[in-house]
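Below is one structure, written out as structure tokens; the observations come after it.
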């Protein structure tokens, strides 16, 4: 038995919750049909750690190098140099996680914009893909990306939780949408579930990610439509059991793929094939 091939474009494997059993977590991710897995870098320290981890599993693990908007206030003189060093690694696939977060504002908004602009310029200069975080900052994000539209590399709005209209805007700009298990609880009239059902968030512009250990997908929740719950295969459920609210795992990705397929009325095999092809193309992985 083999699951279909998947790519997890974002997992925080440097998170302390994986310290004790990382090798088992990676083994389960392979059992889940994941052929490539990106470890998310969110600051200098974590980007360096992600590089070290990826180095232990060449050809399977990759990483991103960047400064998250929460950490924008910690950008110092040497940060850009560190990022450029990390981006020179063949296992580094993207600039990020970078972006804007006006929901939490852990860094002042002007600092967030400045630090994101710096990383945007590096990505444009080097032609490296972007792994973008955006929360409640849609207008400013569109503005910053649009001002560089002529040199913008492939970009993913990761862990998208916005409205259908926001997704449509990003898609019209040529961006890709990264979806996680968060989808199970996004029941608003114009959220991700609605966008998948209507086809306004098309599978053709999606990539998949777990954002592990966060964004656990509760695929058996009673509030999910019965046909969506019943669409999750036994194989996916068996692996999904290893994930929990306390610690999501990459091995939950098949269940996320099948949930997306059920909402959009597509076959899981097609969702897997299209999103895997997208991820490999965006990140230049054969």
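Using the three backbone atoms N, Cα and C, a Cβ is placed for every residue, glycine included.
Note: TrEMBL annotation is automatic and uncurated.
As recorded in TrEMBL:
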- 97, 211: divalent metal cation 1 binding site (BINDING)
- 133, 158: divalent metal cation 2 binding site (BINDING)
Residue 133 (divalent metal cation 2 binding site) and residue 97 (divalent metal cation 1 binding site), distance between Cα atoms, whole Å: 6
Between the C-alpha atoms of residue 211 (divalent metal cation 1 binding site) and residue 158 (divalent metal cation 2 binding site), the distance in angstrom, to the nearest integer, is 9
Hey, what's the Cβ neighbour count for residue 97 (divalent metal cation 1 binding site) at 10 Å? 29
Counting only other Cβ atoms and using a 10 Å cut-off, which of the binding-site residues 133, 158 scores lowest? 133
